[in-house]
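Participant: What TrEMBL records for this protein is below:
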type	residues	note
TRANSMEM	17-38	transmembrane segment
TRANSMEM	58-80	transmembrane segment
TRANSMEM	87-107	transmembrane segment
TRANSMEM	119-145	transmembrane segment
TRANSMEM	166-187	transmembrane segment
TRANSMEM	199-220	transmembrane segment
DOMAIN	251-466	domain 'Major facilitator superfamily (MFS) profile'
TRANSMEM	253-272	transmembrane segment
TRANSMEM	292-312	transmembrane segment
TRANSMEM	321-341	transmembrane segment
TRANSMEM	347-367	transmembrane segment
TRANSMEM	379-402	transmembrane segment
TRANSMEM	433-452	transmembrane segment
Amino acid sequence: MTEKIQHALSESKTARWIALILISSTMFFAYFFVDVLAPLQELLEKSPTFWKPEVFGMIGGGEFVLNVVAGMLIISGIILDKMGIRFTLITAGLTMVLGASLKYYALTEGFTQTALASFLGSFISGIPASAKLAMAGFAIFGVGVEMAGITVSKTIVKWFKGKEMAMAMGLEMAVARLGVFAVFQLSPVFAEMGGPSKSVLMGLIFLCIGFMTFFIYTFMDRKLDKQLGEAAQLEPEDEFHLSDLGKIFTNPGFLTIAGLCVLFYSAIFPFQKFATNMLSSKLDISLKEASAYFSYFPIGAGLLTPFIGWFLDKKGKGASVMLYGAMLLVVSHLIFALVPAESFNTAIALITIVILGVAFSLVPASMWPSVPKIVEARYLGSAYGCIFWIQNIGLMLVPMLIGWSLSASNPGVSEQIAAGVEGAKYNYMVPELIFAGFGVLAIGLSIVLRVVDRKKGYGLELPNKK
Ligand SMILES: C[C@H](NC(=O)[C@@H](N)CCCCN)C(=O)O
């Protein structure tokens, strides 16, 4: 058995990194598709789609609906543990392509002529038929992309456990964040060639390439399992059972990390949706300029993440790194909230974005490689699924909370903006204080995590590399 493991494909550095490149490429295309409409809000408000900002926001949240409400993320985790990595990667890839195709079809001219369009337009008239179908497609895509996310995490653990695990996870996230950067640069260019549907079509084509890289990876996965032979086969008592969900939800380490995850990411991903407008209001610059400043946030954070991962593999200190990340999160949101617009300038904005970017590298780099240390391998997929599920609840609800708080703390401003009043803009102090509040709670949970780690001996402060 030991000999088999010694000769396994995963012991070859080249093979491990090729496996990582293949699965990370899919995540690049997947994250590209997630935000493909984000830079096109203004275009979509016009003919032929006529999507109002609320409709646009609702479609953004649609990504998480099936995962949260129908519990699809928990089901995805169970599928992963029961059916294995290859089956789940293919299912996730096909689900993403199916959902993306529906979203594309919703934006085509052909769809407007169909009976389905007439039917979808016959109820809730405030939401156009195209938006309803696009939201359904995005919800299906959302199931696929989150299923892909948990499967990729489990795959990295399979190849890199005891080796460069955190660095590999950091690199995968870096590649995914490059996808976000790429879409902010390219989607407007594609839209200039043929409207939003062209951008979505390009995103769909990219996803098909991503499906191919997942597919190619499955051959490596099969080979690795074959080489490991019975070493890879679980004993009957090692198989996943539904009752393991109970073990996950009563594990104090899991509960603390899941709480930390929802609080931290609620102050990052929903913030990304409002950041351009916030910077443009506070710095009194155009949306285009503000968006250009902010596009460096995901790429900067992404580039730093593998280095933090490398440090965690060598030196450990994962739980402490999560605490420092939460602290930086609070500092940056407090600067955005409390520095008055008169004193806020480009330099302060950039420094604050850098601080937030560092937080966005520290926490993900240390959080995801910590999960295999707190749960057993046989239900690792379900544990990732459950954490993502809890996180998705926040990602679905927080944008609504922020939108509501923005309107409530700026009475009459949206009407002025709609009426084209010169100089009308939002003050983001209250939403920013809410984001900072999530950070304060995350600091509290990071401290709890260090205590739980010491008590239970998870080894979160130990290096990953043996
Ligand atoms: C690895 C981690 N991914 C997630 O947290 C996903 N559940 C959410 C992705 C949302 C994309 N709009 C990450 O990217 O840090």
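Any Cβ shown, glycine's included, is placed from N, Cα and C.
What does the local environment look like for each feature on the list?
Facilitator: Among residues of the same chain six or more beyond the transmembrane segment (17-38), those with a C-beta under 8 A of the stretch's C-beta atoms are 10, 44, 56, 59-60, 63, 89, 93, 96, 100, 141, 144-145, 148-149, 152, 155-156, 159-160, 168, 171-172, 175-180, 182-184, 187, 196, 199-200, 202-204, 206-207, 209-211, 213-214, 216-217, 220-221, 273.
Through the fold, the transmembrane segment (58-80) approaches residues 34, 37-38, 51, 87-88, 91-92, 127, 131, 134-136, 138-143, 145-147, 150-151, 154, 240, 242, 245, 273, 381-386, 388-389, 392-393, 395-396, 399-400 of its own chain, all at least 6 residues removed from its boundaries and within a Cβ separation under 8 Å.
Long-range neighbours of the transmembrane segment (87-107) within the same chain, counting only residues 6 or more positions beyond its ends whose Cβ lies under 8 Å from a Cβ of the stretch, are 23, 26, 30, 33, 49, 76, 79-80, 129-134, 136-145, 147-148, 151, 155, 195-197, 200-201, 203-204, 207-208, 210-211, 214-215, 217-218, 221, 381.
For the transmembrane segment (166-187), same-chain residues at least 6 beyond its ends with a Cβ under 8 Å from one of its own Cβ atoms are 16, 20, 23-25, 27-40, 152-153, 156, 159-160, 199, 202-203, 291, 295-296, 298-299, 301-303, 305-310, 312-313, 318, 361, 364-366, 368-369, 464.
Proximity of distant same-chain residues to the transmembrane segment (347-367), defined by a Cβ-Cβ separation under 8 Å and at least 6 residues beyond the stretch ends, is recorded for 166, 169-170, 173, 257, 260-261, 264, 268, 279, 282-283, 293-294, 296-298, 300-302, 304-309, 312, 318-319, 321-322, 324-326, 328-329, 331-333, 335-336, 339.
Within the same chain, residues 57, 60-61, 64-65, 67-68, 71, 73-81, 88, 146, 149-151, 153-154, 157, 240, 244-245, 247-249, 254, 257-259, 261-263, 265-266, 269-271, 273-274, 371-372, 431, 434-435, 438 sit at least 6 positions outside the transmembrane segment (379-402) and bring their C-beta atoms closer than 8 Å to a C-beta of that stretch.
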